[in-house]
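> Dropping the structure in here first, questions after.
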Amino acid sequence: MQSTTGMCRTHLPVTARDAPSEFRKLLMLFSCRRVMCECGYPREQHLEEATKSSVFLGKEWDPKRHIQEMPTDAFGDISFAGLGPKVGKYVRVSADTPPCIIYQLMTQHWGLDVPNLLISVTGGAKNFNMMPRLKNVFRRGLVKVAQTTGAWIITGGSHAGVMKQVGEAVRDFSMSSSCKEGEIVTIGIATWGTVYNREFNQICDAFGGFPAEYVLDEESQGNLSCLDSNHSHFILVDDGTHGRYGVEISLRTRLEKFISEQTKVKGGVAIKIPIVCVVLEGGPGTLDTIYNAITNGTPCVIVEGSGRVADVIAQVANRPVPEITISLIQKKLSILFRDTYELFTEGKIVEWTKKVRSSEFTLLYVPLAAASRNRVHFGHENWDHQLKLAVAWNRVDIARSEIFTDDHEWKPADLHPVMAAALIANKPDFVKLFLEQGVRLKEFVTWDTLIYLYENMAPSSLFHGKLQKVLVEEKERSAFSKVPGIQLHHVSQVLRELLDNGALLASQDGSSLFWLICPLLSQSQDCIAGALACSKILKELSKEEDDTDSMEEMLTLAEEYEHRAIGVFTECYRKDEERAQKLLIRVSEAWGKTTCLQLALEAKNMNFVSHGGIQAFLTKVWWGKLCVDNGLWRVILCMVFFPLIYTSFVTFRLQPMSCLTRTRAFFTAPVVIFHLNILSYFSFLWLFAYILMIDFQATPSWREYVIYFWLFSLVCEETRQVLGGDFWNKLDVCAILIFIAGLICRWIPSTLYPGRIILSLAFIIFCLRLMHIFTVSKTLGPKIIIVKRMMKDVFFFLFLLAVWVVSFGVAKQAILIHNEERVDWIFRGVVYHSYLTIFGQIPSYIDGTEPRCSPNGTDPYKPKCPESNKDKRPVFPEWLTVILLCLYLLFTNILLLNLLIAMFNYTFQQVQEHTDQIWKFQRHDLIEEYHGRPAAPPPFILFNHLQLFVKRVLLRQPAKRHKQLSKEFLPRPGRS
């Protein structure tokens, strides 16, 4: 805050020698202590030079000559004592301060956003009564207009009359609204000389103390006024006088006029800041204010029913001009000004009549059309200006009812600028309205438009931050002197990162979909893919959002897009099941040749994937060319007695089929491949267990060589799936690595037994792989998911348990055993014995008696005896370890174990509600795995790998970039 903005006044009152009689009387008054000067201040508040009698000899008191400007320190923050931590801004300025300086102070130093509307509230300066209903309507209407349009409200700033009504309206809004709705800017422009407590509470702090504390004391204010605590900013106008009201009127008028002449540019749309004068009650001076405002082209809104001047104008405004006579005005004044009617002279009444007849008033609360009348627009320009105002104020309701009417025909091209403004300002209601009015995306979205939209993104958005990061990285790589401009390939790079798929958005055209899909799905040719992509983008952005509320909003919006996609697919599926399922695997060129199903899987849209139509499609893929109504037992019998394939025992979806085609269709069906692999895997585990338990010799038998060959086929298959990288693939790789380590030890004679141990550990991990195989089961699959979730609870529980086990074990070991040096027995005493104690195996030496022990710890097979004295009695209190044991069992057996049960129960309840969705979502992974898996099971799968090696390495046939579920599993038209 710069002190050069505000100037205070120092008073130089008149003193004279041989002056006229009135000035001689003034000198006599100054001889007393508390005599007031013409400026309203007492003698002791003047500079010394101002009280010298020879300075202004024989001169009359002139404010222009006898008041001197000096720098002020009355600016900065202001708080109201006893009214909470709310802090406002204030400044003391000279009455002739240029409005441009004050406007610069407000926008640059106070940080206020340029308003979309200026609401100047005027009226009664004294407290008056309003009907409760009218008060509520006025408050709600004023706050709604200010909050939705981003307006500034300007009042007199005092805690009385209409200013108090405005302040209370803003206060009620602040108390009932959330922080996200923003603060309403309420600016009070008051006369410094009429502010009570302006000096005594250090608003003008000579020592620069901030914030200044102001005490609101209405009982002692007298003829002065207190500031209203509900205003956010104060401009205190000083002309050097004390106790004179109305000093601020001239500066306020000039400031309001200056602001209304400014142009606000946002989203490529430039609008003049409109101004509206709102009149509430008021006295004779209010009519002059209204008349001057209307003369300057400012529309006035009269609140009928508020009293006095407002009611006089409201009751005669709608009458024809000839009917507004002097007698009518006189009658209204006598009714509404009962106490002060005798002060109105005949000339004053005539003057009032002329002003009322020549004025135009608006009896509205939301003066959109009136606010634009202060600009000279005709024809299309007037409609365009009002539409820009509606967009700036975010009043789509007014745009629908007042602008898009039969009175004016809008061309789609005329709406393109405001369409861009609505997109940049994040106003989806207006975007939807413009689309309804005929805006076509193919015409609106051009190369230049897209670049313009991305260049004007909000700097606070995460996407803007990522885009700037890409530009900075390009600058560093290319050694540019400055950051390059935004191009669409930069946007495409960011979207590829958000979608986490290098294949997506391979072309620059794909970058446009960030703008087209999020708000404009109604005209997208691939709205399902667009909605799913938006869900994916929002979920990725939410991971990097630090603000919890913003993250929740993103996730909520992501769910909304998912529900939109579900709604569209449901409607399509209801109309035509086959064509709807084709939509799932239709390649989208705009999204880098991916599909809706793949987008849903990447976004983890479980609700979408668990849709009945999608599950029916996955079932078709699972059964391949077999009919889905074939029983599983039929398939198993055909696997055992394959000649049944050539009979009508199993049916195929494509008829007729040759024997060779039937054989290929049967053995390439994912359901058959799956069961063949299960049979193969169980055979592998049986043979592996037989080797470990019965046939593990120094020289490997032929069965063990079969295991090696079998494992090699598994290694080849895992190598083919290495790009998958899911949990089960990692588990397979872990089991194979452990097996290889055990195999190496097994071939070294000295490490034969350790090799068998390692191979046994590998067998355990191979058995765990069965859990993944059975996830396809509708019965076992959900239970396996619950077990996986409970494993996370076990790890958290083990951390808590380890604290108690280690603490009790160390204390027990330190009390019972003296200087045990054997690490293995230390581990047994601290961890092993303490852990077994939980399950009831209490150590026999807990009370100091251990019959089988080594006194000095020399026997490696016996624990060291507890420390004892010469009488072979324990040197420690026997009751101490017993008490520790009881406390340990109390906390572990009762508290921790019940906590684990409660955690399991909570996890079960939480997961059980969504288990079916999770199972359906994960079911796709298994179906896709076996859909792309070679038909032969291990170890015969090596023949398929050999064929793949010949194609890729010898013949150098390129692999498919991104494998999709094939359309061949959908029934063809005309086939059963």
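Note that Cβ sites are derived from N, Cα and C of the backbone, with glycine treated the same way.
Dumping what TrEMBL says about this protein:
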type: DOMAIN; residues: 89-319; note: domain 'TRPM SLOG'
type: DOMAIN; residues: 402-500; note: domain 'TRPM-like'
type: DOMAIN; residues: 522-611; note: domain 'TRPM-like'
type: DOMAIN; residues: 681-915; note: domain 'Ion transport'
type: TRANSMEM; residues: 632-654; note: transmembrane segment
type: TRANSMEM; residues: 666-693; note: transmembrane segment
type: TRANSMEM; residues: 755-774; note: transmembrane segment
type: TRANSMEM; residues: 794-815; note: transmembrane segment
type: TRANSMEM; residues: 879-901; note: transmembrane segment
> To the transmembrane segment (794-815), which of 632-654, 666-693, 755-774, 879-901 is linked by the most Cβ pairs under 8 Å?
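Per the Cβ under 8 Å count, 879-901.
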> By a Cβ-Cβ criterion of under 8 Å, what residues six or more beyond either terminus of the transmembrane segment (666-693) are in contact with it?
621-626, 632, 635-636, 638-639, 642, 645, 650, 701, 703-704, 706-707, 710, 714, 756, 759-760, 763, 766-767, 769-770, 773, 776, 926-927, 930-931, 933-939
> So what pLDDT does the domain 'TRPM-like' (402-500) average out to?
78
> For the domain 'TRPM-like' (402-500), how many residues does DSSP put in helix, in strand and in coil?
66 helix, 0 strand, 33 coil
> Based on DSSP, tally up the residues of the domain 'TRPM-like' (522-611) by helix, strand and coil.
70 helix, 2 strand, 18 coil
